Structure formats: structure tokens, C-alpha cells
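In what follows, a single structure is set out as C-alpha cells and then discussed.
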């Protein structure tokens with residue numbers, strides 16, 4: 001049976017894709033068959049008439065996953081807006097059945113599957129015939145989660161609010177990862193210390209522009225759960 005994890009964040013442009021790529025890369029470098037999936041992607045580039053799922057393309061390149069990155073994303077939109085708005089603008093009805101079908105198809109190819117969210121944890125995926133929020137996808141696949149947060153000013157507030165929302169939705173959070181971390185920045189140091197001291201969740205860091213995660217592979221493997 002495959003094992004999975006969901007990567008979400010405290011907001012948009014925090015570094016989910018970057019962290020997701022490094023996690024998958026770390027596992028694949030130890031010969032763990034780890035794949036990638038994303039339900040909806042906005043802000044895709046158009047090349048030669050074809051939309052390119054930029055986030056998936058980045059992950060595939062960094063983690064050395066073979067195949068077409070577009071196959072790892074159910075819905076790809078050009079407009080850089082929330083998925084539900086992109087779907088409206090393109091007259092597309094987002095379906096949970098399609099998301100489930102695509103997810104299980106990819107899951108069957110890998111021993112480990114890393115699912116990346118869109119935006120922050122409170123993200124509308126569809127407001128059409130089906131009303132789908134990001135947390136609905138996490139719940140239907142029974143995935144635990146990693147929360148990616150920026151290491152800088154304001155992260156205590158945004159991280160704790162994100163965790164509170166996830167607690168209300170009964171989503172298990174296995175790890176907090178502070179991105180763009182600077183070991184010499186007093187704010188970053190204090191933020192990590194405060195979160196570590198006040199939460200019952202492990203807090204790790206990822207240095208800015210790092211090529212690898214410093215998290216032990218064993219710790220990453222532990223947080224993936226059977227799905």
C-alpha cells in the first residue's frame with residue numbers, strides 16, 4: 001500500500017513547490033519510489049499552444065521524475081488566480097471524481113506520493129456545481145500534512161492560525177517547515193524557538209536557495225502515512 005503526505009502553506013508564494021521538490025528529491029535519492037500530484041494549478045505558461053504546469057515541471061526537474069509533468073495535475077489554468085476563479089473564467093467545472101481518478105492513477109505508480117496544495121490552507125478549489133475546498137481534498141484522501149511557513153516576521157501568527165484551522169478540520173499536521181531560514185537572523189531564530197517551544201509539532205528549517213533539505217530521510221519517511 002502506498003504512503004502519502006500533503007504539503008500546504010500559510011499563504012501563497014511561501015515556497016510550497018520548492019519544498020515539495022526538495023522532499024521528493026531527498027527520498028528519490030535514497031531509491032524511494034516517490035511521486036507527485038496536484039489537483040489544480042493556476043498561472044501556467046503557454047508554450048507552442050500548450051499550457052505547461054510550471055509547479056509540476058519544476059518538481060519533476062528537481063526530483064528527477066520521468067514523464068510528462070502535466071499528467072500530475074488534474075486542472076491547469078493560465079490565469080494566475082485562485083483555482084475556483086480560474087475555473088469560472090474558463091467555464092470549467094472542477095470535479096472531485098476526476099481529482100480522485102487522477103490521484104489514484106498516480107498513486108498506483110509509486111510507493112510514496114507527495115500531494116501539493118494550491119495557495120494556503122483556506123483555498124477554494126471549486127464554487128461551481130461542486131463546492132470544493134482544499135481541505136476536502138486532504139480529507140478525502142486521508143492525508144497527513146506538512147505546513148510550509150516563511151521564517152520571517154509575522155510567521156508566528158500565520159502559522160498558528162493555519163494550525164488552528166487544520167485542527168478544526170481534523171487534519172493531522174506532522175511537521176512545520178520554516179522556509180527561507182537564515183541562521184544569523186534574530187527574527188528567524190526567535191520564530192523557530194517560539195514555535196518549537198509552544199507547539200507539539202516538530203519544527204524544521206530550509207535555508208534560502210538550498211539545494212537539499214537537512215532533514216534526515218528517516219524523519220521524512222516517518223511522516224508519510226498509509227493511504
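We number each residue from 1, going along the chain as drawn.
Glycine is no exception: its Cβ is also placed from the backbone N, Cα and C atoms.
Sequence annotations record features per position, and here Swiss-Prot assigns active site to 38 based on sequence analysis. Neighbour density for residue 38 (active site): within 10 A of its CB lie 28 other CB atoms from the protein chains shown.
In the three-state DSSP scheme, residue 180 (ATP binding site) falls into the strand class. A simple way to gauge crowding: the CB of residue 180 (ATP binding site) has 20 other CB atoms within 10 angstroms, across all the protein chains here. Residues annotated as ATP binding site in Swiss-Prot: 13, 14, 15, 16, 17, 18, 55, 116, 117, 118, 119, 179, 180.
The Mg(2+) binding site annotation in Swiss-Prot covers 17, 55, 116. Look at residue 17 (ATP binding site): DSSP puts it in a helix. Counted within 10 Å of its Cβ, the other Cβ atoms near residue 17 (ATP binding site) come to 23, all protein chains included.
Under the heading substrate binding site, Swiss-Prot lists 42, citing sequence analysis as support. Cβ neighbour count for residue 42 (substrate binding site): 23 (other Cβ atoms within 10 Å of its Cβ, all protein chains included).
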Euclidean distance between Cα atoms of residue 116 (Mg(2+) binding site) and residue 38 (active site), Å:
5
Sort out the sequence-distant neighbours of residue 117 (ATP binding site) for me: same chain, 6+ apart, CB within less than 8 Å of its CB, listed by position.
6, 7, 8, 9, 16, 38, 123, 134, 137, 138
In sequence order, what residues of the same chain, 6+ apart, have a Cβ less than 8 Å from the Cβ of residue 119 (ATP binding site)?
9, 11, 12, 82, 134
Give the sequence-ordered set of same-chain residues, not counting 17, 55, 116, with Cβ within 8 Å of the centre of the Cβ atoms defining the Mg(2+) site.
7, 16, 20, 21, 38, 41, 56, 58, 59
Once near-sequence residues are set aside, which residues in the chain of residue 55 (ATP binding site), 6 or more away, have Cβ atoms under 8 Å from its Cβ?
17, 38, 41, 73, 116
Winner by Cβ contact number (other Cβ atoms within 10 Å) across the binding-site residues 13, 116:
116
